[in-house]
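What follows is one structure encoded as structure tokens, with my remarks underneath.
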Amino acid sequence: MAATQASKDLDETAAVQENPPSTASSLTASSDLDDNYHLYKRSDEQEIDPAEYKRVLRKLDLRLVPILFLIYLLQYLDKNGINYASVYGLQKGTNLHGQDYSWLGSIFYFGADVPGYLWAQFPANYALQLLPIGKVVGITTIIWGIILITTPACSSFAGIAVNRFLLGSFEAVVNPAFVLIMSIWYTAAEQPLRLESYYCTNGIATMFGGLIGYAVGHITTGLARWMYVFIIFGSISIALGILALIMLPDLPSTAKFLTDAEKVIAAKRVSVNRQGIKNHHFKKYQMWQTLRDPKTWILFVMATGAQIPNSAITQFTSLVIKSFDVDTLGTQYLQIPGGAIQFLALLGGGIICSRWPNLRCITMIVANTICIIGSGLLVGLPNSNKWGRLVGLWLCFFQGLGFSMSLTMVSSNVAGYTKKQLTAAILFIGYCVGNIIGPQTFRSSEAPHYHSAYIAMLVGYIIKLLAVIMLYIYMSIVNKRRDREAATTGLAAVEEEKEAIELGMHDITELDNKGFRYTL
């Protein structure tokens, strides 16, 4: 029955297309051609030494990964600045009362989501398709740094609410941009380690931010201590945005740090993903495919479930730890073990999934199960068991591994550039929905123990686990179905791969490209 349903879903999706081409011989429209198609065709005319592949990969890593690492580190610190500032008088300095602080967490993601359909996610992803991606990332980083550095000027809930809304709107670009960057420059097998190389900064930021928070706690002169958090983070973000504007490349064909021969190799390398590199033409039929594809909505549910617990390990971490009878400075340095767990889990998961590419869903399942255990400890242990509950909170830091692997489901398993960027937008709308819901589960009336929030965390992790299992089953069924169909055609594996790569370079979606296989 499951196989029949998978077949039916694909057939229904195909029914709404505007007759996209299905074979390489039928590809004629110039809008179908990848923006780097000329580089790909040049690679057919020359033999490429495997050693050159490795040399170009190292060159890409040295150029891209440090910039992505630093931007993602600052992005995480910037949006969670209120966590570090919360124990140094933020609420008093901005005249927050009752649920106001919780709403600041939600409002940040309203900036990125609601009315995200009109305001941030879809416009941001459209800009990433139409405009040079490196320039978009650099400019938005500068803008959010400016917004952050003005936060100390806010003296009311209305003022800081607008500030957080705008901050969320511009930071909404980062995650989908980085997902697209992964697919532009790296093969599917290379993506998990590179993605985790920047995503592990969530753990580093938790440790580093805690140390900054600890240092700020020792400032006794000048401005109010909570203000320094935003001034420091905002200033660094502006400088980093300028660096990205200059150094972050857009495409292999326009990368000035690569020679002409290296540009050809860069394009040839990622063509094996069978999904092309970039196509700046918006295609309506791919929009309809996105909406009809079951994977889109499974990823949406995964992201929503995963992010409902997120506020407990970001915005509310200091307050949660403080509820365990810890002094103010202790709320900062006791975040460091959680950050270390997150860092090691992310990097370890990236190494495993790069070494064994079809373990991504299994890795998500394991990480999510650990989070269920951690949130179960928070729900079930008595308030007097301080260390047991603290360990439970630390275990929840495994959630970053599960969510980051779901991003590779977009970069590796969605083809057709319009479809890829729309799928990423919908996934991040789910991300924002979860982050809007999460802070509201921390009711001020339940302070300092927040029992309802811990129950919501447990429910969110369970929803995520069920969605991951569903996605794994669906993609496995489709892969096996296509293997059977390929066997009946008698087409040699090499010929099928060549045909699939050509279709990918003509911006054909994974639903139409029968030579495409999902990475599990």
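Any Cβ shown, glycine's included, is placed from N, Cα and C.
Features reported for this protein in TrEMBL:
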- 20-30: compositional bias 'Low complexity' (COMPBIAS)
- 1-30: region 'Disordered' (REGION)
- 101-120: transmembrane segment (TRANSMEM)
- 132-153: transmembrane segment (TRANSMEM)
- 165-186: transmembrane segment (TRANSMEM)
- 198-220: transmembrane segment (TRANSMEM)
- 226-248: transmembrane segment (TRANSMEM)
- 333-354: transmembrane segment (TRANSMEM)
- 361-381: transmembrane segment (TRANSMEM)
- 387-410: transmembrane segment (TRANSMEM)
- 422-442: transmembrane segment (TRANSMEM)
- 454-474: transmembrane segment (TRANSMEM)
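Contact check: the transmembrane segment (387-410) against the transmembrane segment (198-220) gives at least three Cβ pairs closer than 8 Å, residues 6 or more apart, which meets the contact criterion. Only residues 6 or more beyond the boundaries of the transmembrane segment (333-354), in the same chain, are considered here, and those with a CB under 8 A from a CB of the stretch are 189-197, 199-200, 202-211, 213-214, 313, 317-318, 321, 326, 360, 363, 367, 390, 393-398, 400-401, 404-405, 408. Using a Cβ-Cβ cut-off under 8 Å and counting only residues 6 or more beyond its ends in the same chain, the transmembrane segment (132-153) has close neighbours at 71, 74-75, 78, 81, 159-160, 163, 166-167, 170-171, 173-174, 177, 180-181, 184, 223-224, 226-227, 230-231, 233-246, 248-251, 254, 278.
Where the transmembrane segment (361-381) meets the stretches 165-186, 198-220, 226-248, 422-442, 454-474, the count of C-beta pairs under 8 angstroms peaks at 454-474.
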